[in-house]
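Database features, via TrEMBL:
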type	residues	note
DOMAIN	B:75-547	domain 'Amidase'
ACT_SITE	B:LYS131	active site, charge relay system
BINDING	B:LEU189, B:SER215, B:ILE236, B:GLY237, B:GLY238, B:SER239	substrate binding site
ACT_SITE	B:SER215	active site, charge relay system
ACT_SITE	B:SER239	active site, acyl-ester intermediate
There are 2 protein chains.
Amino acid sequence: MDADMSAWQKAAQAKRQAILQAIPPKWRVQQQNLPVDVTGTYIRGFLNPREIEITEADAVLITTQTASGKWSAVEVTEAFCHRAAIAHQLVNCLHEFFFEDALGVAKELDDHLAATGKPKGPLHGLPVSLKDQFHIKGVDTTMGYVGWIGTFQGQKDDPRARVAESELVRELRDLGAVLFCKTSVPLTLMAGETANNIIGYTWNPHNRQLSSGGSSGGEGALLALRGSPAGFGTDIGGSVRIPAAFNGVFGLRPSAGRMPYEGAANSIDGQNTLLSVIGPMATSVGSLKLLFKAVLSQKPWLYDPLALPLPWRYDIEKETQKLIEASARDPSVLAFGIVHHDGVVRPHPPVKEAMIFIKHILKDKGHKVMDWDPQLCKEGQEIADKAYAMDGGEDLLSHMTLSGEPQPPQSFIGKSKHLSAREVAALNVQKRQYMKKYMDYWNSTSDLKATGKPVDAIICPTAPYAAVIPGKFRHAGYTTFINTLDYTSAVIPITSADKGIHRVESPPQFLSEVDQKVYAEYNAEIYDGAPVGIQLIGRRYEEEKILTLAEYITECIKLYSGEGLVQLAA
Amino acid sequence: MDADMSAWQKAAQAKRQAILQAIPPKWRVQQQNLPVDVTGTYIRGFLNPREIEITEADAVLITTQTASGKWSAVEVTEAFCHRAAIAHQLVNCLHEFFFEDALGVAKELDDHLAATGKPKGPLHGLPVSLKDQFHIKGVDTTMGYVGWIGTFQGQKDDPRARVAESELVRELRDLGAVLFCKTSVPLTLMAGETANNIIGYTWNPHNRQLSSGGSSGGEGALLALRGSPAGFGTDIGGSVRIPAAFNGVFGLRPSAGRMPYEGAANSIDGQNTLLSVIGPMATSVGSLKLLFKAVLSQKPWLYDPLALPLPWRYDIEKETQKLIEASARDPSVLAFGIVHHDGVVRPHPPVKEAMIFIKHILKDKGHKVMDWDPQLCKEGQEIADKAYAMDGGEDLLSHMTLSGEPQPPQSFIGKSKHLSAREVAALNVQKRQYMKKYMDYWNSTSDLKATGKPVDAIICPTAPYAAVIPGKFRHAGYTTFINTLDYTSAVIPITSADKGIHRVESPPQFLSEVDQKVYAEYNAEIYDGAPVGIQLIGRRYEEEKILTLAEYITECIKLYSGEGLVQLAA
């Protein structure tokens, strides 16, 4: 180590090296002359055909194979561990890697299947990655804070350190999942790019000049490289959706209380104006459904005091499937709202085109489509921003103070006014009134459909940019207003930026200062190859409907874009 | 008016007189030489046999009669209006009385039935009373504040005054209910007795020396007098349950988000650590179920942004019914915890005996019964107290300042520290951890039952006293910890204080200073006849299970107490 380094720098460097050292020498790779795009062909070059076959299967196929014993859990786990180890060396996406523990669990699962003839649960033998907010026995939870290394959430000598497990972890084990790594997050979690003083910057695998998004950026990057078939992130302002969109994978932000947050680390814990939620991320929409249903089968409401007793509602899933079937005969029974922009920042050309593309698909299919009023977005964004900053940044800064580490430029922490309880209450009232306004607007669309029912879902950009240029993530508003509304939102990959198509356009009438800045930062060359994902948004607690509609929309997109989507997700 | 009166006194007096003037002269009564107990025989003396028959029917019977046209909505409405008018003159339980509007609605309902042959909804022709937090067109919502008279929640010249209606009101109208009055509340709502500077004190109809409880005290008193068959109160610390228990009627505190609070007035609006909830109150347990199911049939989650998409779950109701049936063969499949005291204040003799009585019934029936650990109550009470006071009383005081009126002695407003956003967050974390501890304790009882499942419900006093002596409501802890837990709790009338049985006992080892005070304030003579109600408590969102178990427990109590209960509820 460099003698001139400060204590926090030494601690960060040691942790960084420990992550690399957890990778066995046989899986180390040279990191020279990396191409811009390290997905697909490039990463396959490190793997044998069997490993490629396994790791390019989605969670639905994998669990079919492991449940029947066609693939052993050990073989599957080893293949993903190998690919994840390479992925980390290409884009810095891991905080923890514990493949030996994982192989031990996989061995037990194989033994269980051999002994009983039955899989342990619906996720039998499925490797599952987790964002570094979940506590897993045997490894750290740093959440990117240097001051958390070797502690329990920054508390030294706490017996829970490296011992306690989060409720979701307990449930995943019972479901038969194999945990094998924890993925990188930005310091404080409050950022749309993933960077911290331990692992540095998590790059976008599709274009290593770009960001993997945040805050579940490591999760998104790992999935894009197929270093994991499925995982869980968290989302208080877009942290599942932005990295899903930026990495060309699928993600779900459910409404608060469906997935168990109990026993996970968090930023600004106890801020309950706008709750962070856990959501699955995966390489197929079917995998999102598999994971979400599996967790609900564990009845998290009996173990997490904030979880709601809402099991997977098969009746709503079936109703939605029937609606889709009915729409084959009469397409007008399905209706969608399209948000072209949020009234604050216009999307870059690749995102704008994606919205035109999806609108074209839906209209061509014969569905009812209406342009959604953007006027209501801004207030939702402002409420979210006030909620994040209600303690004046005190909690976030306190964790940085533990080690004295500096703030990376991508973080959002600014000193702001610390609200009083009465001001918090006023914000809660404003939020409720905002939700009511939005609800009334949604209800008012019932005259669009012959059925007299309001639109089924709205479709909206996930961000004004495709996977963003580092340091340029200026506007999270496309996702944050959904957190204010506590709506369900699934991200679906739709296309990617193409320098041959998505040229710089002539300046529009700007909506705001940040609109002007964002406009100026589009660069067709640099953005080339950056994925674009769209949000499919439902009302509160409409996960069954939205995931089922997302399956349908994904099929539609495939029909219209040929092999485009397959390339993205591979 | 007295020339020496201040402006607020004049305004209060005018409003008080306006309430009386809303009662037609034919329904005025002399208030001299009132007996202590004005229920039953006494109030019947003002009514004809037909009026008595109608008003002593419960909501279930009434809606059967009105839906079939056997009783007209007009006749039913008029009977209840008459009895409510008398009730108010006996115990001061109304803030608003609008029988002419009600008769107009009832007429429309009769016409509807005549024209279509169908009732308007499941509450067709049912008079429903509402606590004075709900906005109804044509009348004030004062919530007891002099400064709110003629305004919208204290805001002068607001066009919503006497025009806007709360979401619950809209739904009740659609269900066919007939709204006819609003019932009294204590100033600020944060009190276990009902007193304000407009109507004065709301007395207990069973014993006019005692309190009707609070904050839904007017509702409880009106129901006890059968001036209404059913109504809605709100509960943030016991405000449905305390008046239900004190007046010998039934009440339900559901978990947050089941009933629509949208558009109702409230105290400390936006305080969301611990939410106030709406709950039905009625003269039979079946009526609670009828009202609760009826409101859910309106899908409040489509109109109230904080309502959860939980329709009435028939499967859970059926499961519970099956469990009860199975318990006839094997009583040990049903298990209950019994909270004898909360570790802070021991109950007075009538309440203590009620707990022994219910334990005896359940054991005699053969059900599993365990004494519930009281150690966890206190922290839940402390968290609730901190939540109520988080803004240092600023909101409550601001509404009193509007008129300059003084605080009645029964109010709980004390100047306290105004918390910061970070302190609120810390309180939210403490609350969640407390809920988790309680949940773990409940889960740990699974070894009690042969089924391997934890106890089905716990039974707990509603307050340490039967209907309390004015000014002596010192401890709300038996109800507030349930609000912290957000558990479901139904109040069931069980007995009443009897000076012949419930004598002063020798002093116990006191649990606290307030315990000693409460002990000293028991007086067998004064409490004679005061109703006692118990809480039947389930976990979060277990309303279907708890209401169904409450039906069963009510039947058990009837079996064991002969006619005692019937006397109480009449």
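Even glycines carry a Cβ here, placed using N, Cα and C.
TrEMBL: automatically predicted annotations, no manual curation.
Within 10 Å of the C-beta of B:GLY237 (substrate binding site) we count 29 further C-beta atoms, all protein chains included. Same-chain neighbours of the substrate site beyond B:LEU189, B:SER215, B:ILE236, B:GLY237, B:GLY238, B:SER239, judged by a C-beta within 8 angstroms of the site's C-beta center, are, in sequence order, B:MET190, B:ALA191, B:GLY192, B:GLY214, B:SER216, B:THR234, B:ASP235, B:VAL240, B:ILE242, B:SER276, B:ALA476.
Here the Cβ of B:LEU189 (substrate binding site) has 28 other Cβ atoms within 10 Å, regardless of which shown protein chain they belong to. In the three-state DSSP classification, B:LYS131 (active site, charge relay system) falls within a strand. Counting every protein chain shown, the Cβ of B:GLY238 (substrate binding site) has 31 other Cβ atoms within 10 Å.
Close to B:ILE236 (substrate binding site) in the fold, though at least 6 residues off in sequence, lie B:LEU189, B:MET190, B:SER267, B:LEU274, B:LEU275, B:SER276, B:VAL277, B:TYR388, B:ASN483, each with a CB less than 8 Å from its CB. Across all of the domain 'Amidase' (B:75-547), the predicted model scores a mean pLDDT of 96. It is 14 Å from the Cα atom of B:GLY238 (substrate binding site) to that of B:LYS131 (active site, charge relay system).
Of all Cβ atoms in the shown protein chains, 29 besides its own fall within 10 Å of the Cβ of B:LYS131 (active site, charge relay system). Every protein chain shown contributes to the tally, and the Cβ of B:SER239 (substrate binding site) ends up with 35 other Cβ atoms within 10 Å. If you take the Cα of B:SER239 (substrate binding site) and the Cα of B:LYS131 (active site, charge relay system), they are about 11 angstrom apart, rounded to a whole number. The secondary structure of B:GLY238 (substrate binding site), as reduced to three states from DSSP, is coil rather than helix or strand. For the substrate site listed in the record, the two most distant Cα atoms among B:LEU189, B:SER215, B:ILE236, B:GLY237, B:GLY238, B:SER239 lie 11 Å apart. Taking only the Cα positions, the spacing between B:LYS131 (active site, charge relay system) and B:SER215 (substrate binding site) is 9 angstrom.
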